Amino acid sequence: MSPQTETKASVGFKAGVKEYKLTYYTPEYQAKDTDILAAFRVTPQPGVPPEEAGAAVAAESSTGTWTTVWTDGLTSLDRYKGHRYRIERVIGERDQFIAYVAYPLDLFEEGSVTNMFTSIVGNVFGFKALRALRLEDLRIPPAYVKTFQGPPHGIQVERDKLNKYGRPLLGCTIKPKLGLSAKNYGRAVYECLRGGLDFTKDDENVNSQPFMRWRDRFLFCAEAIYKSQAETGEIKGHYLKATAGTCEEMMKRAVFARELGVPIVMHDYLTGGFTANTSLAHYCRDNGLLLHIHRAMHAVIDRQKNHGIHFRVLAKALRMSGGDHIHSGTVVGKLEGERDITLGFVDLLRDDFVEQDRSRGIYFTQDWVSLPGVLPVASGGIHVWHMPALTEIFGDDSVLQFGGGTLGHPWGNAPGAVANRVALEACVQARNEGRDLAQEGNEIIREACKWSPELAAACEVWKEIRFNFAAVDVLDK
C-alpha cells in the first residue's frame, strides 16, 4: 500500500457510490454575491426524485463524479462544489422542476465564456438520470463580469461613430443569400444604402464560396459604401462577414476590412465559437471596428422548452464575449419569439441593471456594472406594415433589418430602401408627437403613403402577409 493510500484510509475514506443529494443538496446554503447562479429546468427519469436529479446537476457540473474518489480528501469540496440550494415545481407540469445551483467563482477562468459553458452546460446534459435539462438563466456576479471586455464599443459609442440619434437604425440582408457575383452583390449594397438604409448585411450563409470569394466581396462592398456616403452625406456600413474555417483566416479578413476603412464586420458567434468571438471582439475594440453578431444555430440550442439553453443565457454570454449588435428575434416576423420573453432578454442586452422578473422569464437580478450594452437586431420576415410595431417594441436603441422587405419591392432595391426609411421616419415622428403606435400604426403608415409612392407600392405588395403561428417557447403559466 502506498503512503498516500495509507494516509487516505487513515482519515476514513470509504470507496463506493452514494447519492448525489448527500453532498450537493444544500437547502441551508446562502448564495454569495460572488457566486454564479444557475436556474435549470430539470425533467428527471421516472423513479428519480427531484432532489437527487437537481443535486446530480450541481455535482456533475462542478466537482462531482459517479463514485467517491480518494483525491476528494486532497482539496476542500465545501469550497469548490456546486450547491443545489433550492428547487421548485414548474406550474402546470407534473414532472418538471426548476433547480437553482450556486457555483463558487473560483471554479471559472477569468474572462472565458468558453470555460464557463464547458463547466455549466458540459457533460451534465447527457446524464442518463435526466430525461431533459434546460439552462433557463444565469446570474453573472459583478466580480466575474469585470473580467470581461464585453462589446467592442457599445450603443453610445456606435451612435457617436455613425452620428445617428433618436431613431432605430435600418438594415437589410442582401438576397439571394447565395449565388450572386461580387460585383452584383456590391451593386445591391449600393442601391440599398443610397435609398436610405444605414447598413446592409452579409447573409450568415455567405463566407468565401466559388461564386464569390471574400476578398472580392469586401472590395465591391467598400466601393458601394463610399459611393453611397458621398451621395447621401450619411455614414453607411455593410456587415462584412469575417467568420472563417480557422481563427487565423477570420483575423485576416477582419484586418483587410480595417485596411479598407469600413466601419463594421460580422461574426457568427455560435458556429464560430466563443473563443474566436472574444478574440475578434478584442481586435475590433483595438482597431475601431464595430462588430455585428449573428446567432446562426441558436434555435438548435434554445427553441425546445424542456431541453437546451434559453436564448437569454446565450445573449448574456454574447454580451460578455463581445458584440455590438446581435439578432434577437422580431416578435412579429417569421421567426420564433414571444413578446415578453423577447423583451426580457432585450433588456439584458441593453441595460446596465435588470431586476428579476419572472413574468418576462428573468430568474435573477443582473448587474452589468460598466459593461457596454448591445443593440438588438430585429430581422426575419418583416416589412413596412410591421414598422409601427417594431418601433414600439424595440425603441430607438435597436437595428430593424429588412431583407426581403427591401429587395422584394416591386420597383427595385433603392425604392425598397426608400419605403422602409419613410415608414420609419413616419413612425418616429408620430411617436414623438404622442401618438400610440400600437393602436394607430396602420393609419400612420397609410398617411405616409400619400407622400411616398415607394411606400405605397410596398404596402400594396405585403398587405396580406402574416406569420401567425403559436410560439413553441412560452412562459410558464
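Backbone N, Cα and C define each Cβ position, glycine as well.
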Out of Lys14, Lys18, Lys183, Lys450, Swiss-Prot gives the annotation N6,N6,N6-trimethyllysine to Lys14
Which whole-number value in Å describes the distance between the Cα atoms of Arg295 (substrate binding site) and Glu204 (Mg(2+) binding site)?
9
List the Cα distance (Å, whole number) between His327 (substrate binding site) and Lys201 (Mg(2+) binding site).
12
Going by C-alpha distance, which of the recorded positions Thr173, Lys175, Lys177, Asp203, His294 is nearest to Lys14 (N6,N6,N6-trimethyllysine)?
His294
Can you give me the Cα-Cα distance between Asn123 (substrate binding site) and Lys201 (Mg(2+) binding site) in Å, rounded to a whole number?
36
Would you pick out, from the binding-site residues Asn123, Thr173, the residue whose Cβ has the largest number of other Cβ atoms within 10 Å?
Thr173
For a quick check of packing: other C-beta atoms within 10 Å of the C-beta of His327 (substrate binding site), how many?
22
Within 8 Å of the Cβ centroid of Lys201, Asp203, Glu204, the other same-chain residues by Cβ around the recorded Mg(2+) site are Thr173, Ile174, Lys177, Asp202, Asn205, Val206, Tyr239, Lys241, Met266, His294
